[in-house]
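J.: This is the structure, below, for whatever I ask next.
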Ligand SMILES: NC(=O)c1ccc[n+]([C@@H]2O[C@H](COP(=O)([O-])OP(=O)(O)OC[C@H]3O[C@@H](n4cnc5c(N)ncnc54)[C@H](O)[C@@H]3O)[C@@H](O)[C@H]2O)c1
Ligand SMILES: O=P(O)(O)OC[C@H]1O[C@H](O[C@H]2[C@H](O)[C@@H](O)[C@@H](O)O[C@@H]2CO)[C@H](O)[C@@H](O)[C@@H]1O
Ligand SMILES: [Mn+2]
């Protein structure tokens, strides 16, 4: 039976990840056919650089697909089946402030974790809700597949403030780590792994990993992680990909120190920020953080390559590559479009899946996905260690959404104070007041 051709809107067309998603969509046209792609962004100049190159790529490789790039929501969101959203409200300039302000007070500054993630969340909530409202106004039957971070806070905001919307929040960190697990085991693909996992976004643990025959792979992976973290054999021999920057190599290696806290599981790499925050502060350079690295590497590479393609007028020999997360987003879109019942990690309302945890928490757990959306798989009871950590963290996420909704200075101060990453309420207040001073354009007014 011929597959229905899909119409896709990419919200955040100027994203550095847009070309990777386009390359992945082109790679999968056989199994996910597309009739139309539209880019939407609120920064026309930024988007144009990516869109002009992607238009050339599409003309050369899939001329049958209609393409438009716009800043007009009506044009962007009309007649679409999926909105793939990856906006960064405030862009890298604000990410840099999210990362540098906490470091002034000896607190780690990180894109999605701790104070940085809280400041980012206060910017992202309004931006993503606006996209949901545009989608429902112009294409009420569409689904939003949201990558915009901080996914944990955005997911809680969409659960609470758009409870009936067709939006699925996703993260590619587990995908990236599972790629590494497969490589560590000498397997061809992460898709050979059947996993059980639970947690919050950027705050979770694998509890069971098997191959297709049901053989338990956890002991072999745990043995490796205990010695080397998630560093791959190639990286251990100094032959890793040059694209994996030093800060990421450190992150994958740090899992070695996080793992022993619960040797029955395997940790998400983000747990290092919550369990060893001082280590991260000690190694941080307050003048040059991850935002600077991204602006100097990924942003320069992607925009440089897109502008090169536009100047040449052709994408032959282009160096643009598919992204990890792009394959994941195709799996998810296919599952909804064609009812494939794909089994994948998604961020969904707990609703009893984790039996001894807040039913209203947005948890990251395996789901079966079909045309009616995600069906979460029960994970049962979780141990006291993880339950205690998650209860503190989910309180932060919920307080941020309440602070945004109510314009509450008090609740945002409480959110920062509850975070494991912030030492006390005075430091929390200092960071909050500095964040307010630089976010007037993006945050709601707090009283
Ligand atoms: N969920 C995940 O695991 C995952 C993985 C990778 C990236 N991301 C997220 O994807 C997003 C894009 O990342 P990036 O590094 O390419 O950022 P980027 O700054 O390069 O691109 C983001 C784009 O969003 C646009 N934008 C900002 N606010 C907007 C709004 N209100 N409406 C429309 N467009 C808006 C910007 O103009 C920019 O072009 C970020 O939120 C990032 O954290 C998430
Ligand atoms: O510091 P950045 O902007 O490079 O990355 C921050 C993001 O890191 C994770 O996404 C990784 C992904 O895990 C990895 O496999 C590969 O695809 O690169 C991605 C971006 O670097 C995380 O899941 C995201 O939420 C972060 O935004
Ligand atoms: Mn993520």
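Just so you know, glycine gets a Cβ as well, placed from its N, Cα and C.
Please treat TrEMBL annotations as automatic predictions, because they have not gone through curation.
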J.: Figure out which of 42, 149, 350 sits with 95, 290 in the substrate site per TrEMBL.
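T.: Of the residues offered, the record points to 149.
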J.: Tell me which of 7-26, 47-66 corresponds to the transmembrane segment entry in TrEMBL.
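T.: Of 7-26, 47-66, TrEMBL gives transmembrane segment for 7-26.
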J.: Where does residue 290 (substrate binding site) sit by DSSP, helix, strand or coil?
T.: helix
J.: Which are the residues of the chain, 95, 149, 290 excluded, whose CB is within 8 A of where the CB atoms of the substrate site average out, their centroid?
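T.: Checked against the 8 Å cutoff, the neighbours are 88, 92, 98, 99, 110, 111, 112, 116, 120, 291, 294.
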J.: Would you mind checking how many other C-beta atoms are within 10 angstroms of the C-beta on residue 270 (active site, proton acceptor)?
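T.: That number is 23.
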J.: Would you mind checking how many other C-beta atoms are within 10 angstroms of the C-beta on residue 290 (substrate binding site)?
T.: 21
J.: Taking a cut-off of under 6 Å between Cβ and any atom of ligand 3, tell me which of the recorded positions 95, 111, 171, 270, 290 pass.
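T.: The qualifying recorded positions are 171.
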J.: Looking at the recorded positions 149, 171, 172, 270, which have a C-beta within less than 6 Å of some atom in ligand 1?
T.: 149, 171, 172
